[in-house]
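Sequence annotations record features per position, and here TrEMBL assigns compositional bias 'Acidic residues' to 52-64. Annotated transmembrane segment per TrEMBL: 74-92, 104-125, 146-173, 228-248, 257-278, 306-327, 339-360, 464-490, 502-521, 533-554, 574-596, 623-645, in sequence order. Marked as Na(+) binding site by TrEMBL: G80, V83, N87, N345, L476, S480. Positions annotated as compositional bias 'Polar residues' by TrEMBL: 707-732.
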Amino acid sequence: MPKNSKAVKRELDDDVTESVRDLLSNEDACDDSFKKASLIVDSPEGEGKECDVEEGGSDGEEEERPAWNSKLQYILAQVGFSVGLGNVWRFPYLCQKNGGGAYLVPYLILLVLIGIPLFFLELAVGQRIRRGSIGVWNYISPRLGGIGFASCVVCFFVALYYNVIISWSLFYFSQSFQQPLPWHECPLVNNKTSTFVVPECEKSSATTFYWYRKALDISDSISEGGGLNWKMTLCLLAAWSMVCLAMIKGIQSSGKVMYFSSLFPYVVLICFLARALLLKGSVDGIRHMFTPKLEIMLEAKVWREAATQVFFALGLGFGGVIAFSSYNKRNNNCHFDAVLVSFINFFTSVLATLVVFAVLGFKANIMTSKCISLNTNKIVALLGNGIEPSLIPHHINLTQVSQVSADDYHQMTEILRGVKENEYQNLGLEPCSIEAELNKAVQGTGLAFIAFTEAMTHFPASPFWSVMFFFMLINLGLGSMIGTMTGITTPILDAFKVRKEILCVVCCVIAFLLGLLFVQRSGNYFVTMFDDYSAGLPLTVVVILENISVAWIYGTKRFMQDLEDMLGFRPYAFYFYMWKYVSPAILVVLIAATVIEMAVSPAGYNAWVEAEGSERFHSYPPWALAMAYALIVVAMLPLPIIFIVRHFNLISDGSNKLSVSYRKGMMKDISNLEEQDEQRFILNKNPSEAPSPMPPHRAYLGPGGTQEMTNTNYGTSTKTGYQNIGSPESEL
C-alpha cells in the first residue's frame, strides 16, 4: 500500500532498499518463485491469486503462513474475541441505566455508523496485508507505525487485569461444588457465652461479605497493600496456564479451543433463560428491562455511552481482529464476516440482558417478599402503640404475616401515609416494591459476584447453576483473552524470527508476575484503575488514527479499489462515506467527550469499609493518580515517538531488519496513480481503458493488470499476482 502517491518516486540510478518484511509475502516469495516457474500472462477473464507464501527469514527459506482450518473456526474465533464479559455484565447495566428498550435504538444506529464500518476496515487490512497490527500500519504509513505498537501496549495492559477476572471466576467455580453454597448465609461466630452473626456480614449481605472478605480479603484503601492473597494467586497462575496452553501452538491450538469456548456460553445462556422464565418474578424483570423511557434517549450521555459500548464490544483497536483476519485467504469475504460477527455480538448482548433481568426479576421478587414480611411485622408490633387496628383493612389477616401479599402491604402503607402524614416517616416502613429493587443498577463484579450469586442461592439445585454460570464466565473470558494475546504475539512473530511456543510462554510468565499486583489485598482497586484508564482514551485515539491513515493518507478510493480486487466486488458506497467522513467525526466527538468526562469527574474508586459493611468513594492519592495517568501516557507514547524517528529517518521504515533490494529497472513513477483511481472510482473504468500516459498495466493486483505464474514450492500449484515493474507498495 503506498504511503503517499507523491512520495513514491524513486531515483532510477541507485539500488533501493525497503525494510519491509510485511511485503515479503507479496513480492519476495513470488520473486523467488519467478526464477523457478514459467511466467504466464493472465487472460482478461482470469483472476490471479496472490501469493500466500512468506519469507521465513533472512536465509531465504520460505514458510507458509498459518491458516484457519475452516471458515467456521475463524468466525468462532472472532465471535469468541468480541463476545466477552462486557456483554454479560456491562450491556445489561447500560440498557437499564439509559432508558431500557429505548437504549437499543442509539446502540443499533451507532453500530451501523461506526461499529460495522471500522470492524470491516480492520478485517480488510489484516486479511490483505496478512500481518499483525505493527506490520499492517508500518505497511500503510511508516510514520504512523506507532499505531501498532500502541495497540500492543493497550492489549498488554488489558490482558494483565482481564485475566484476574478469570481467576476470580475460577475461584468461585471451585467453591460451587458444595451444598449449600458457601455464600448462602452469613457465617456465625461462636464464643463461650453466645453465638452471633459476623458484624460485617450482618451490615451488608451474605454474598457481599463473601466477595469482599472471603474471596478478595480486601483492604480498606489502595494504599494498604496487605500482601498477596494466596488463594487468588493460585487461581491467577491457573488462569495464565490455561491461556498459555490455548495459545502455545498459535491458531492451531487456539482455534480448536474456540470451538468450545465460543459455543458453550450460548448453551449456558439459553439454559439460564429457560430456567429463569419458570421462576416467579422473571417476567417482571424482563418487562422492567424493555419498557422504553424515550425521554432518556434524547440525552447526549446515552449516545456517548452507546458509542463507547459499540467500540469496545467489537474489540476495535486491540489488534486481535487484525491478527485473526491475517490468517485468512486473501479472497475471503470479510465484508460478510464483519456484518455477521457484529450482529452476533449484538444479539448475544440482548440474550444476556434477557437472562440477567429474568434472574434479577426473580431475585427482586424474593427480596420484596422478605421486605414485606419484615415490615408487616413492624406494623403488627405497632398496633395499639402508634397504629390503630381500625386502620388495617378487614380482609388483611395480620396473624399470618407470610400470607400478606404485595398489594395488601401497599394498601396498608397508602392508608397509613394518608392518615399519619406527619408521623409516617417515624414508623420506619419501607416501600418494598419490585421496581425499587430492579432500579438498584449493578454492573461488573457487583453483578456477577454479588447480585447474580445471591439470586442463584434461591435456585433449586443452586450448586449446579453456580457451576454452569462461572464456567460460562471462564469461557467468555478465555475467548477474549486468546484474541487479546494474539493481538500481542502475532505482530511480534511477524517482526522477529522467534518460536511461537517460547514467545507464548515468556509473555504469559511476565504477565503473571506483573499480575501479582492485582491479587494482593488491594488488588481490586488496581483492577478498577486499569479498567478506567489503560484502555478507554488510548484505544479511541488508536482507532481514529487507523481510520485516518486508511481513509485520508492511503486514500478511501484506492482502498475501495483494493477491496474490489480482493473480494471480487466493490463494497457499497455507504462505506466510502462512513470511512471518509462520518466515522472520524463521531470518533472525534467521542474523544472530546471522554476527555471532558475525565476532567469533570473526580478520579477515585469505591473502597470497602469493613466497619460499615459498605463501599465509600475515595479519591486516589497523588501516587495512584500519577500511576493512572501514566497508563494513558505509556499507551499513547509510541505514536509520537515512531512518527518522529521515522520522520527524521532515525530508524528504518519496517518492523524488522529484513530487507529487499530492488534494482533500478524494477522502479516506476506512479505519480498518476491518484488520477487512475479517480477514473476507476467515478467512471468505473480500468486505468488501461482510459487515456493515460502510463504504461498499459495497472498498479493494482487484479484481472487485466496482473501476470500469473505457477508456484510449485509446496507440491501444489499456486497462482500468484506478480508485477514485474511495480512498486511493492502499490498493494494494500
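Including glycine, each Cβ sits where the backbone N, Cα and C put it.
Unlike curated entries, TrEMBL annotations are predicted automatically.
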Task: Candidates N87, S480: member of the binding-site residues with the richest Cβ shell (10 Å) - done: S480
- [ ] Given the cut-off of 8 Å on Cβ pairs that are 6 or more apart in sequence, determine whether the transmembrane segment (146-173) and the transmembrane segment (257-278) share at least 3 such pairs.
- [x] no
Task: Of 74-92, 228-248, 306-327, 339-360, 502-521, whichever stretch has the most CB pairs under 8 A to the transmembrane segment (533-554) - done: 306-327
Task: Candidate ranges 228-248, 306-327, 464-490, 502-521 - greatest C-beta contact count to the transmembrane segment (257-278) (under 8 angstroms) - done: 464-490
- [ ] Could you pull out which residues elsewhere in the chain have a CB under 8 Å from any CB of the transmembrane segment (306-327), counting only those six or more residues past its ends?
- [x] 65-68, 74, 77-78, 81-82, 86-87, 90-91, 94, 98, 103, 106-107, 110-111, 114-115, 118-119, 122-127, 129-133, 136, 148, 151-152, 154-155, 158, 251, 334, 337, 341-342, 345, 349, 480, 483-484, 486-491, 535-536, 539-540, 542-543, 546, 586, 590, 594
- [ ] Please give the sequence-distant neighbours of the transmembrane segment (339-360): residues at least 6 beyond its ends with Cβ less than 8 Å from one of its Cβ atoms.
- [x] 75, 78-79, 82-83, 87-89, 91-92, 95-96, 104, 107-108, 111, 115-116, 119-120, 266, 269-270, 272-273, 276-277, 279, 282-283, 285-286, 288-289, 313-314, 438, 447, 451-452, 455-456
Task: Remote residues contacting the transmembrane segment (74-92) - C-beta distance under 8 A, at least 6 residues beyond either end - done: 68, 162, 165, 251, 254-255, 258-259, 261-263, 265, 289, 309, 312-315, 320-321, 324-325, 327-328, 337, 340-341, 344-345, 348-349, 352-353, 356-357, 443-445, 447-448, 473, 476-480, 482-484, 486
Task: Long-range Cβ environment of L476 (Na(+) binding site), under 8 Å and at least 6 residues apart - done: V83, G84, L85, N87, V88, S261, P265
TODO: May I ask whether the transmembrane segment (104-125) has at least three C-beta pairs under 8 Å with the transmembrane segment (574-596), counting pairs 6 or more apart in sequence?
DONE: yes
TODO: Grab the same-chain neighbours of the transmembrane segment (464-490) for me: Cβ-Cβ under 8 Å, and only residues 6 or more beyond its ends, written as numbers and ranges.
DONE: 77-85, 87-88, 131-133, 151-152, 155-156, 158-159, 162-163, 165-166, 169-170, 172-173, 176-177, 181, 242-243, 246-247, 250-251, 254, 257-258, 260-262, 264-265, 268-269, 271-272, 275, 315, 318-324, 326, 448, 452-453, 456, 500, 503-504, 507-508
Task: Intrachain neighbours beyond the transmembrane segment (104-125), with Cβ under 8 angstroms and 6 or more residues off its ends - done: 95, 136, 140, 297, 302-303, 306-307, 309-311, 313-314, 316, 321-322, 325, 334-335, 337-339, 341-342, 346, 350, 543, 546-547, 550, 559, 563, 566, 571, 575, 578-579, 582-583, 586-587, 732
- [ ] Take the Cβ of G80 (Na(+) binding site) and count every other Cβ within 10 Å, whichever protein chain it belongs to.
- [x] 29
Task: CB within-chain contacts under 8 A for N345 (Na(+) binding site), separation at least 6 - done: V79, S82, V83, N87, A313, L314
